[in-house]
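Colleague: The following block contains the structure, expressed as structure tokens.
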Amino acid sequence: MTTLLSTIDSPKALRQLNEAKLPQVAQEMRDHIIECVSQSGGHLGASLGVVELTIALHYVFNTPDDRLVWDVGHQSYGHKVLTGRRDQLASIRQRHGLSGFTKRSESPYDPFGTGHSSTSISAAMGMARAAKANGIQRKAVAVIGDGAMGAGMAFEALNHAGHDNHDLDLVVVLNDNEMSISPNVGALSSYLNRMLSGGAYNAFRDGTGKVLKTISRSMWDAAKKAEEHVKGLVMPGTLFEELGFTYFGPINGHDFDALLPTLRNVQKLGGPILLHVITKKGKGFPPAEEHPCTYHGVAPFDKDTGIIQSSSGGTSYTKVFAQELCALAEQNPHIHAITAAMREGTGLNLFEKRFPERFHDVGIAEQHAVTFAAGLATEGILPVVAIYSTFMQRAYDQLIHDVALQDLPVIFALDRAGLVGADGATHAGAYDLSYLRTVPGMTIMAPADENELRHMLHTAVALNKPVALRYPRGTALGLPPEPPHVLEIGRGRTLRKGEHAAILAVGQPVHPALEAAAILEQQGISVSVYDARFVKPLDQRLLQEVAMHGVVLVVEENAVQGGFGSAVLESLSNQGALDRGLKIRCMGIPDRYIPHGTQKELRGEIGLDAVGIATTLKELLG
């Protein structure tokens, strides 16, 4: 049976429909997104929440000539459906399939690549200013969630856009669903909630909303002055208008009768405009509406019942970290935990339940999180900042200037280090070893398995110095638990002794290195395997022992430039080992952006699995 949605291969085709058909398009789009994501997994709730908004934006604005930028991009599945990628949606986040975010190389309707939060207003403002500079008449539209709006970068862009940019054709659509990934926190979220619940405000907006649907451009200036005068009598000036934006809303983001006339009037007006729309995350799929955190990023599920397919059943590294941190916090009342709007993703929801007074969700504000932790540390608190490796990049200056330079005891627990799989290049934890090891005073550890993670967390708590431990996404190895203990700083370990060559690995690749040694053993090649444990400081005695093999392969799951291998080469060079004919190679993430796919697929492609490690070492041996 042919659906209406199947006839739409571009926004131009959408705009040819009578607007009375749009609710049918919305229902069919929801069904299609649910069908595809139930098979592939992906970001379900955010995309379901903006179906009507997505359709309305493409119906009113002349995309791709008008620029449409989706903040983060995980709500863009409907956008992909309308822009020629409908039949590929089932491949989303899979190897050689669609990206889970917007991507410039994927479509001309994706003018800006996204993945990290709160970049859309800055990017759209740049596009709007460039259009003016080039003499082009077009709108730049940024769609940003209320969670992302709480980040510093978004406020920086609002501040700039509203200042002396009255001719700027910029529209910011605030998609207010009271969620980022976890429920929103902070004063902005509270402000929006108060504004929505205010009786006088809503009575006023109900009246002005009716006028807005019919107002002409010629009446606008007078109406604006009148609105400001009357509004001042019934409510304080809104935050956004004080920043220099013309504010409209809030309107129902699921109601075409509200969306279309409002967007048409917004399209006619100049200057920076903020349109506030109210949506429900997971709209149209009851399990996602009732459990928005669970269905934010979801594994394949039964589309009829909503039951999510179970994973392998093992314990994740994230959960191992969270459970051990809770155990340590039972003994140490000075331990506090900090997250930047990722309490479930980092496992700190477990900590929050047990120690709510020592748990801090700062919102999407990584820079603030790090300096907030530094302030806590000055007063005898031991803060643990649990953060994805890719988001640690956003607070590098704070890590150096506010933590390391002052030698403050802050623990950075870097989750999703290395290859992350389906989220792709924007979320790869590929750089932390490279940028952290340059910082004086930092101790850096990378566990090979869950027992090592427990040991290293105990070591970090005991150290009383700036320290980072990085661990991968996914299920731990399922090893029998060992009693956790404090490790000697800067000491690695010997896992296997051989005669012909040595593999020196750190972090996740340690166990694949052991498997590679077993493969080579079957071919008559005897290989030693070492676990460095510490990237900084390095175990100099261990390096001397490794170099004595004459043939060395260094393996890490980090960018090969500037990472662990580079540190080993620098140290061996200083020891003079490279002057004595040592054959050494470094394996890691190559100097390119690794696309999305499963971790197993990606490790196989770049040679960071057991077979790839064995093959590389055999080639090195000649």
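Think of each number as a place in line: the chain as shown, counted from 1.
Just so you know, glycine gets a Cβ as well, placed from its N, Cα and C.
Sharing the record's features from Swiss-Prot:
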BINDING   His74, Gly115, His116, Ser117, Gly147, Ala148, Asn177, Phe285, Glu366  thiamine diphosphate binding site
BINDING   Asp146, Asn177  Mg(2+) binding site
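Mind mapping these onto the model and telling me what they sit next to?
Modeller: A C-beta separation below 8 Å, combined with a sequence spacing of at least six in one chain, links Asn177 (thiamine diphosphate binding site) to Gly49, Gly145, Asp146, Ile278, Thr279, Lys280, Lys281.
In the three-state DSSP scheme, Asp146 (Mg(2+) binding site) falls into the helix class.
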Colleague: Near Glu366 (thiamine diphosphate binding site), which residues of its own chain have a C-beta under 8 A away, given they sit six or more steps off in sequence?
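Modeller: The answer is Ala340, Ile387, Phe391, Met392, Arg394, Ala395.
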Colleague: What is the biggest Cα to Cα gap, in Å, among His74, Gly115, His116, Ser117, Gly147, Ala148, Asn177, Phe285, Glu366, the residues listed as binding thiamine diphosphate?
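Modeller: Looking at His74, Gly115, His116, Ser117, Gly147, Ala148, Asn177, Phe285, Glu366 as a set, their Cα atoms extend up to 32 Å apart.
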Colleague: So for Gly147 (thiamine diphosphate binding site), how many other CB atoms are inside 10 Å of its CB?
Modeller: 29
